[in-house]
Amino acid sequence: MIKPHLLIGVIALLWGLRVLATRDKKIILLVTVTAVVFLGVGWQEKRTVQSQTPREVQKCQGTIRVYADGVKVNGDLATFTGVWLEKKQKVQLYLYLKQKSQQLALKKLAKGGRYAFTGQVQAFSPPTNENQFDYQFFMRSKQTYLSLRADKLRRVGDLKERGLTLATIHAWRQKSALALQKLPQPLSSFAQLLLIGSSEVEFQTTLNQIKKLGLLYLFCLSGMHVFYVVGFLRTLAKFFRLKPGLENLLLVVMLPFYALLAGASTSLLRAVGMVWFRSLSQLGSRKLSRLEAWSLVGLLTCLWRPLSVFNLGAQMSYLLTLLLIVVPDKVAWRQNLMLNLFSIPLLLYSSYQYSLWTILLSWLFGPLFTYGILPTVLLGTFLQPIRSFSNRLLWALCQLFARLDQHAGLVTYGKPALISVCLVLFMLLLLKVHPHKHYYRWCILLVVSLNFMWLHYPWHGEIVYFDIGQGDCTLIRTARNRQVILVDTGGKVSFQKETWQTRQSKTNGQTVVANYLLSKGINHIDDLILTHQDTDHVGNFPSISQEIKVKQVWIPAGMEQSSSFQRRLVASRIQPTQVKGITTQHHSGWPANLSLLHPFQPGKGSNEDSIAFIYRYYGINCWFSGDLDRNGEKQILQQHPTLRAQILKTGHHGSKTATDPSLVAALQPKLAVISAGRNNRYGHPNQETLATLKNYGVPYLNTAHSGMISLRIVKGRPQVSTYIK
């Protein structure tokens with residue numbers, strides 16, 4: 001997601017220069033007035049955010065109005081999206097379900113309602129790691145600023161669903177979803193996706209495969225699907241021999257209902273809005289061109305929901321539509337190539353990877369979707385006799401996506417600089433307008449190459465202590481990415497749950513660790529060091545291995561016998577032959593730049609068996625010890641009495657069971673780093689540990705307060721930076 005302050009600055013500068021170049025006083029005046037209006041909207045949006053966002057968690061009670069399709073269930077978590085009636089604010093309410101009957105009742109809910117609640121209200125959490133998905137900004141783009149966690153929730157009334165009200169339309173959408181859910185899989189999921197713009201949690205795996213292949217745009221309701229709806233309505237008008245005026249009136253009346261029934265995403269509203277304004281203009285004497293309609297919809301979107309245009313889907317929709325209007329190409333393959341080339345910079349900025357097969361697959365699947373997939377879904381949904389056959393075809397399609405995903409040809413480019421994205425897009429446009437000026441090609445190649453070198457071959461390495469919650473995960477990478485080491489992976493400790501309670505979602509190993517690695521152009525881990533078997537240290541390694549290739553895994557000798565470790569290993573993409581159990585006596589192949597200090601002998605992979613080592617970073621010794629206890633620390637000091645370390649990673653998240661005073665006295669650290677979760681149940685870091693650090697004059701940083709902590713070399717000197725300033 002592109003942050004507004006960066007993008008707006010670049011666009012405003014280019015736009016201002018272009019307007020001044022016209023030397024037309026009317027245009028300059030009109031643009032100035034428009035700019036003042038938008039500045040006012042932006043200022044008002046900022047005030048709204050500040051006034052509606054609480055600074056801390058507060059107890060609350062009230063009533064929330066939820067439309068019929070505003071309830072989503074994922075395992076034992078129900079999410080209600082609605083309006084807090086007393087405050088007249090959009091909110092998202094979370095309720096943890098205690099019984100399966102509650103889950104089943106909510107899944108079958110067909111009517112909107114009002115709910116009385118008591119609980120806690122807070123702002124959505126901002127990202128605390130570099131390149132972590134910004135969920136807070138995403139919700140703000142939907143003009144939703146408050147997160148409610150309900151302790152008690154009670155339905156106190158139904159919404160009136162009479163006439164053509166919003167409540168009625170949302171109820172129609174929910175009833176359609178419930179009817180489509182009764183279809184066999186995967187027909188049910190395809191029908192919900194393509195007819196009403198709703199995706200099920202269970203279909204997420206297939207959607208991720210489609211996304212990796214670069215084909216997600218085909219399955220997201222936008223211009224292509226509106227084209228089919230408009231075609232259907234025009235055919236209907238001709239069948240009843242309606243005059244052109246009545247035909248346009250039919251579109252003006254019906255398209256808003258379709259937009260609401262299909263989910264009203266920004267890209268869908270763009271497509272519907274353009275057709276709607278052009279149809280409306282044709283009822284009068286002034287007919288809007290496609291470019292005028294595009295501009296009008298864009299302006300209204302920026303006024304109505306300004307932050308929504310910073311989402312990738314909206315950016316792709318508006319950019320590619322503008323290209324089709326301004327620089328169309330009658331040759332299909334050239335047009336497909338043009339759209340894909342313009343898409344690549346935006347995709348790389350958001351997802352850091354691109355499939356080599358996307359252009360070819362887009363060319364192949366475009367007609368297949370139009371003449372095969374969509375008709376199959378429609379016919380299978382509405383015609384019972386061929387439903388089973390349609391479902392088998394779609395099942396075969398899912399198998400094809402799974403096969404293609406295994407050979408997706410993903411290139412990990414990394415996150416390009418925003419200025420590079422803007423330059424490449426600008427030069428692609430110039431190249432399209434002036435195809436014979438070859439130096440534009442060389443300029444594009446130069447920008448892409450320099451950005452690639454900057455990402456993949458950094459001058460200096462870094463140490464990154466991720467904010468992974470109540471867990472541990474540290475990245476060590478050397479200059480030019482010659483060696484990438486990950487120490488532990490984090491993981492959420494969860495108690496035994498029944499099947500119905502299990503939620504399907506990404507781990508923070510994927511959303512934080514893998515995301516960061518990919519954004520830096522890293523698609524592999526040379527050495528994964530799992531210090532011991534606790535879930536908060538190793539729980540995420542299966543999910544990370546699904547995103548990032550792991551070459552070698554190091555564990556304390558004896559941990560390979562652990563049943564929990566074996567279960568995780570089976571769930572990962574790591575082969576047993578890649579796993580090596582080590583002690584200080586037997587560690588063949590261990591990274592030469594890490595001084596192994598512990599364990600001395602095989603164990604079970606428990607805290608006292610934790611791997612401990614020193615990493616030397618540009619003359620700075622950095623201490624790592626997992627959850628090693630005080631006794632283990634003392635044993636290391638007995639073996640290495642002259643040991644020193646400038647950076648101390650406190651053991652066991654700052655627990656009093658680790659970081660013995662004798663260790664701090666011996667190492668003489670200049671800085672301690674604590675990895676602990678916010679408001680964790682264990683009370684980490686312990687006051688005794690903090691007192692020890694204070695007694696020896698050691699300052700500390702805690703990921704719970706500082707977010708991601710990075711150690712880098714800047715202008716020849718080591719510099720520690722935190723994500724939260």
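Using N, Cα and C of the backbone, Cβ positions are placed for all residues, glycine too.
TrEMBL annotations:
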- 215-237: transmembrane segment (TRANSMEM)
- 249-277: transmembrane segment (TRANSMEM)
- 297-325: transmembrane segment (TRANSMEM)
- 337-354: transmembrane segment (TRANSMEM)
- 360-383: transmembrane segment (TRANSMEM)
- 413-433: transmembrane segment (TRANSMEM)
- 439-457: transmembrane segment (TRANSMEM)
- 470-678: domain 'Metallo-beta-lactamase' (DOMAIN)
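Residues 2, 6-7, 10, 131, 319, 323, 327, 338, 341-342, 345-346, 348-349, 352-354, 440-441, 443-444, 447-448, 451-452, 454-456, 518-522 of the same chain lie 6 or more positions beyond the ends of the transmembrane segment (413-433) yet place their CB under 8 Å from a CB of it. Counting Cβ pairs closer than 8 Å to the transmembrane segment (215-237), the top stretch among 297-325, 360-383, 439-457 is 360-383. Residues 1-2, 211-212, 214, 312, 315-316, 319-320, 323-324, 327, 329, 362, 410-416, 418, 420-421, 424-425, 428, 432, 515, 518-519, 521 of the same chain, all 6+ positions outside the transmembrane segment (337-354), place their C-beta atoms under 8 angstroms from a C-beta of that stretch.
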